[in-house]
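Notes for the one structure printed next.
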Amino acid sequence: MEVMNKKKVNSSRRMKGGMITMPFIFANEICEKLAVVGFGTNMVIYLTNELHLPLTKAANTLTNFGGTASLTPLIGAFIADTFAGRFWTITVASIIYQIGMIILTLSAILPQLRPPSCKDDEYCKEANSSQLAILYVSLLLTAFGSGGIRPCVVAFGADQFDENDPNQKTQTWKFFNWYYFSMGFSMLVAVTVIVYIQDNIGWGIGFGVPTIAMLISIVVFIFGYPLYRNLDPAGSPFTRLVQVCVAAYKKRKLDMVNDTNLLYQNQELDADISTAGKLVHTKQMKFLDRAAIVTEEDNPKSPNLWRLNTVHRVEELKSIIRMGPIWASGIILITAYAQQHTFSVQQAKTMDRHLINSFEIPAASMTVFTLTTMLCTIAFYDRVFVPIARKFTGLERGISFLSRMGIGFFISVLATLVAGFIEVKRKNVASTYGLVDKPKSIVPISVFWLVPQYCLHGIAEAFMSIGHLEFFYDQAPESMKSTATALFWTSISAGNYLSTFLVTLVHKFTSGPRRTNWLPDNNLNKGKLEYFYWLITILQVVNLIYYLFCARLYTFKPIQMDKTEDLETKKDGIELVNNV
């Protein structure tokens, strides 16, 4: 009778999750991205036109905010994986985000919360410290809200598919494609509809619409609670990683054992963190194996985890360390991508943006070409490229995530290279028409000259960013899925901070009475923005070489499924390693 009851319980658990939960989960992500992009895409215009900040200060404010918002996922992942679980982390974080959005919307509506407006020929008073403080508080709250949403939504969505079920496991890589597709669709709406409202109706309504959308998403997400497959948190992953380091250090003077079968194993101890399979011993980083050597002082039945750890826990740390170099390779691509929301917007602002005589494209809406290209590339990749590639590689996902990332890196190099030549063309036209000293005048060159660089960035993101996200989720230890997803966002954080550092450095060392400032605050026509783009291009070429080297040396995590002797070696990327 007891066995039958267990079967019923397990059956009811298996019935939860699956594709039926996706609308509720995607609703939260779509509205969060609608809010983030609705705020961020046009924010450089808001900061310069409404708060009257200098261009470099506005650009650095945005990249610092983007960096902080992408760094806080580490906090959210820790909370979710340690004690709160992903559902409650997403819910509370969404509410915090909502509060930040309300404050930002009020600051755009109430006149006393921003400096007085001014005309082009008047002196524009910059926002005072109190007004900036309100801006920073609202941005900080949205950053912390994003920290709980970003690492958990994608992991929570992937949790709805049981990795032990062969029928559901193959759906996971499709989930990542359609997750990014839905996210891109919401961003597309943001850079068209929301930006148009901000430019032509008002900033209060322009910020208010995504604020209302976020409120709706919270209600919809909570409404789907009975359908979700909720996995219990397995305790702090960071504590386990530190315990392995401490145990290995304490036993640093011990000789390594010749037979790895003598290293400590405890299936009962690891049961909660190895439900999808046990990590088996690898030969790299052998100094960490000392944490699993059993000595006379150790009690294998009730181990002190600060002295003795299982092979599975040691391999968890090895997996995270091995992911580090691949993680770092994504930083410079984000630095290149970040320019679309700062200097590329300022470029577009100086160009002829008329689609027809009576309609002008908002400068910030140029990213619609990035998003449209990204969405088309994802659909093409999923429906056309993967089935064809599968015939040649035999892989379910067509090509490995490492191969996918490599293609994205190469295309991103082309994007910034092309961007530099387009800026040269724009400045030549400005010089021809005598507009070099007239930063407020529209240069008679179509804004559609910028389309190639935007489209190349979209293709690069469809390949690299999704491949990066797949890599983190697939190669991370089972109990660290939220943490692994947070690593994806921390690379975005580092990329934004690197952008801030480069902009500050270039602005400082190229400015002066006898120098040509590459990134002037008030007149791009007199700058050398193309040099800045080509600097990023050179950095990306170096990064691509570094990535290919790391991909060749990367060791995929080996998993032993349950108690069988078969190993799932996770060698999806082996063909890239052989072809690099």
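Cβ coordinates come from backbone N, Cα and C, glycine included.
Taken from TrEMBL, the feature transmembrane segment covers 21-47, 87-111, 132-158, 178-197, 204-228, 320-338, 359-381, 401-422, 442-466, 486-510, 531-549.
Residues 176-177, 180, 330, 333, 336-337, 340, 344, 347-348, 350-353, 361, 363, 366-367, 369-374, 377-378, 381, 404-405, 407-409, 411-412, 414-416, 418-419, 422, 425-426, 429-430, 433, 435, 525 of the same chain lie 6 or more positions beyond the ends of the transmembrane segment (442-466) yet place their CB under 8 Å from a CB of it.
The stretch from 132-158, 204-228, 401-422, 486-510 with the most CB pairs below 8 A to the transmembrane segment (178-197) is 204-228. Long-range neighbours of the transmembrane segment (87-111) within the same chain, counting only residues 6 or more positions beyond its ends whose Cβ lies under 8 Å from a Cβ of the stretch, are 28, 32, 35, 39, 46, 50, 76, 79-80, 131, 134-135, 137-149, 152-153, 156, 202-204, 206-208, 210-211, 214-215, 217-218, 221-222, 225, 228, 230, 482.
For the transmembrane segment (401-422), the neighbouring stretch richest in Cβ pairs under 8 Å, chosen from 21-47, 204-228, 320-338, 359-381, is 320-338. Remark: the transmembrane segment (486-510) contacts the transmembrane segment (320-338), by the rule of 3 or more CB pairs under 8 A.
Counting Cβ pairs closer than 8 Å to the transmembrane segment (531-549), the top stretch among 132-158, 320-338, 359-381 is 320-338. Tertiary neighbourhood of the transmembrane segment (359-381): same-chain residues 41-42, 44-45, 177, 180-181, 184-185, 187-188, 191-192, 195-196, 198-200, 340-341, 344-346, 348-349, 353, 398, 447, 450-451, 454-455, 457-459, 461-463, 466, selected by CB-CB distance under 8 Å and a gap of 6+ residues from either end. Sequence-distant contacts of the transmembrane segment (320-338) (same chain, six or more residues past either end, CB-CB distance under 8 Å): 63, 66, 241, 284-285, 402, 405, 408-409, 412, 415-416, 457, 460-461, 464-465, 468, 471-472, 475-477, 480, 484, 487-488, 490-492, 494-496, 498-499, 502, 536, 539-540, 543, 546-547, 550-551, 554-555, 557.
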